[in-house]
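Visitor: Got a structure for you, written out below as structure tokens; questions coming shortly.
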Amino acid sequence: MTELLTSAQMRAIELAEIDSGVVTGLQLMERAGRGAVAAALARWPELATGAHRAMILCGPGNNGGDGFVIARRLKDRGWDIDVFLFGDAEKLPPDAKINHDLWTEQGTVTPLDHDAMRACGKPDLFVDAVFGTGLTRPLPDALADALDAEVMRKWRGSHKIRRLAIDCPSGLNLDTGMLPQPDKDEDEDALFVPKMNCADLTVAFHSLKLGHKIGMGPAVCGTVEVVDIGLTGEDATERSMIGLPPDRERVRLIDPIFVQKPLPTRFWPGSCVAKEVGGHKYDFGHVMVLSGGPGRGGAGRMAARTALRAGAGLVTLLCPPDALQENACHLNAVMLRPCADADAFRQIADDRVTALCLGPGMGVGPGTRAFVRAALAHSGGDRAWRETAIVLDADALISFEENPATLFADTHARTVLTPHEGEFARLFPDLSQAERGDLSKVDAVRIAADRAGCIVLLKGVDTVIAQPGGGASVHSATGPRSVPWLATAGAGDVLAGLIAGLAAMPTSPDLFCVVEAAVWLHCEAALQFGPGLIAEDLPDMLPKVFSTLAT
Ligand SMILES: NC(=O)C1=CN([C@@H]2O[C@H](COP(=O)(O)OP(=O)(O)OC[C@H]3O[C@@H](n4cnc5c(N)ncnc54)[C@H](O)[C@@H]3O)[C@@H](O)[C@H]2O)[C@@H](O)CC1
Ligand SMILES: Nc1ncnc2c1ncn2[C@@H]1O[C@H](COP(=O)(O)OP(=O)(O)O)[C@@H](O)[C@H]1O
Ligand SMILES: [K+]
């Protein structure tokens, strides 16, 4: 796990280090500029020898300061450099001004202008050092025009221009992963495509920021390299502990990395799925999955099969009596019991049940609401040292659309809600994608988790998990973890079953950590299967995925 910082957290770390006298802002800027050059030359070794041409756009803050350092370092290597400044040199912050003045001893600075840029020879390296963590509002028009991806594409033509972004492509908000857009006139076309240049390589300093991993960030940043600028930060190691949920106010990336370094997968997520040696099937937990009526059982069956593959000792599918025959035709290792209503459920779900999964294919209405209430009241009895884990997905969520508060009155710390954006909007309309505005997806899910009093997992290419109190995690199915073929009907049912199966094991870690591991494994199964995947393939990929966790 590695931390994803907000801009404010990054600034606080820098300031604390500078205030402690360990380092100066100027030294940090020099390291940032040098680190960016080193990262670019490592990415494009053909630039590491000989003289090339760079165009460097600098902004009015410290991001621009990094740009002036880069200009100086590349000039020292014999390169031709064109530097453009957006803003007034006299108003640059002190460290950036010093680097501006150092640069002007070697070269010129031209006010940033679209035509002046195009009049220059095409560069081999284009450096965007206009705005980084300090972006506060949409890009001004003149700058947006200069950075417009479409214009850039035409300009690049057949000449290979490598695009390097310092901290981020300018225009990206590093807290939200969104591209702030100017206010539109009412009569303007609703479909607004922001003008924005993308990078091939983005260098981030000290740590990844949230915006690199959520929203539009992954699409516009290209590869993100973290450059160490010698900040120790606070106790980053402690905060990245695996097996413990993240601290409040902290966000971490769900990936086998530990403070920027790769971590063997046997440590994580291997430790979350390992079974104790020996043991009876009941020692590995009993999952009950509630399913829908005749012709609607597929979703529940997939969730049940996944829970069993995940390692639960037993899995029982409960279905309405009239769906018994259909389910019996499909199930073998998964056990099957008829269950007409919530009263019957209370009789059947004994105290050896350690996890319950409700929602997929159940149908929307009072019957499902009654099942959900009964499930949330289920107790593991005197022998259980913790409450039953309850996973609520799909229809179990939508059934409470009219009055979500009645659901939140019963949810508890061992409950996980797993909505996609549509289901999330029904339970938390004010936090929906359409209403979120400047609120990041992470903060929206944090508020939702506080309101619901339980873990909330909001699915998507960027999946966000939060628990009451603020600790949150992000899984990003982008870059080398891109699995567009996971956007297939039933993939969510499988995830619900996977969480239930892992959480059922009495030796499983904290529920938040189980949910993190499930999201990673779900993506990993899709990744290892590859294109052509259908949801039913996912549970049967788990043994292969587990076998790769031994290393
Ligand atoms: N402070 C430090 O010691 C270090 C800072 N570093 C760099 O500094 C950057 C952060 O510097 P800053 O906090 O100065 O922020 P930025 O350089 O990202 O931008 C801040 C400036 O841009 C203006 N601005 C923001 N949005 C604007 C918009 N839409 N239109 C016009 N002007 C706009 C602000 O008024 C401010 O003048 C990081 O991204 C990183 O690149 C690195 O050098 C590492 C060390
Ligand atoms: N393009 C994508 N890339 C990666 N993961 C995706 C993508 N689209 C969907 N997913 C994942 O697939 C699952 C789909 O779940 P859901 O929307 O509930 O589908 P369903 O209701 O059909 O089961 C979620 O875990 C989601 O994060
Ligand atoms: K930038």
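Including glycine, each Cβ sits where the backbone N, Cα and C put it.
Note: TrEMBL annotation is automatic and uncurated.
The following feature annotations were taken from TrEMBL:
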- 10-237: domain 'YjeF N-terminal' (DOMAIN)
- 62-66, 132-138, ASP167, ALA299, GLY361, HIS420, ASP493: (6S)-NADPHX binding site (BINDING)
- ASN63, ASP128, SER170: K(+) binding site (BINDING)
- 264-549: domain 'YjeF C-terminal' (DOMAIN)
- LYS459, GLY460, VAL461, ASP462, THR463, GLY492: AMP binding site (BINDING)
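I'm curious about the neighbourhood of these features; can you describe it?
Guide: Long-range C-beta contacts of ASP167 ((6S)-NADPHX binding site), restricted to its own chain and to partners at least six residues apart, with a cutoff below 8 Å, comprise ASN63, ASP66, GLY132, THR133, LEU174, THR202, VAL203, ALA204, PHE205, LYS209. ASP167 ((6S)-NADPHX binding site) carries neither a helix nor a strand DSSP state and counts as coil.
All chains included, 25 other C-beta atoms sit within 10 angstroms of the C-beta of SER170 (K(+) binding site).
Listed in sequence order, the residues of the same chain lying 6 or more apart from VAL461 (AMP binding site) and placing their CB within less than 8 Å of its CB are PRO218, SER476, ALA477, THR478.
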Visitor: Who sits close to GLY492 (AMP binding site): which same-chain residues at least 6 apart have their Cβ under 8 Å from its Cβ?
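Guide: Long-range Cβ contacts: PRO360, ASP393, ALA394, THR418, HIS420, LYS459.
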Visitor: Other than its own, how many Cβ atoms are within 10 Å of the Cβ belonging to THR463 (AMP binding site)?
Guide: 26
Visitor: For THR136 ((6S)-NADPHX binding site) and THR463 (AMP binding site), what Cα-Cα distance in Å is obtained after rounding to a whole number?
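Guide: On Cα coordinates alone, these residues lie 25 Å apart.
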Visitor: Near ligand 2, which of the binding-site residues ASN63, ASP128, HIS420, GLY492 have CB less than 6 Å from any of its atoms?
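Guide: Checked binding-site residues vs ligand 2; flagged HIS420, GLY492.
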Visitor: If you skip the near sequence neighbours and keep only those at least six away, which residues in the chain come within under 8 angstroms of GLY65 ((6S)-NADPHX binding site), Cβ to Cβ?
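Guide: Set apart from GLY65 ((6S)-NADPHX binding site) by at least 6 residues yet with Cβ under 8 Å, we have MET29, CYS58, LEU92, PRO93, ASP95, ALA96, LYS97, ASN99, HIS100.
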Visitor: Can you tell which of the binding-site residues ASN62, ASP128, SER170 lies nearest to GLY460 (AMP binding site) in space, using Cα positions?
Guide: SER170
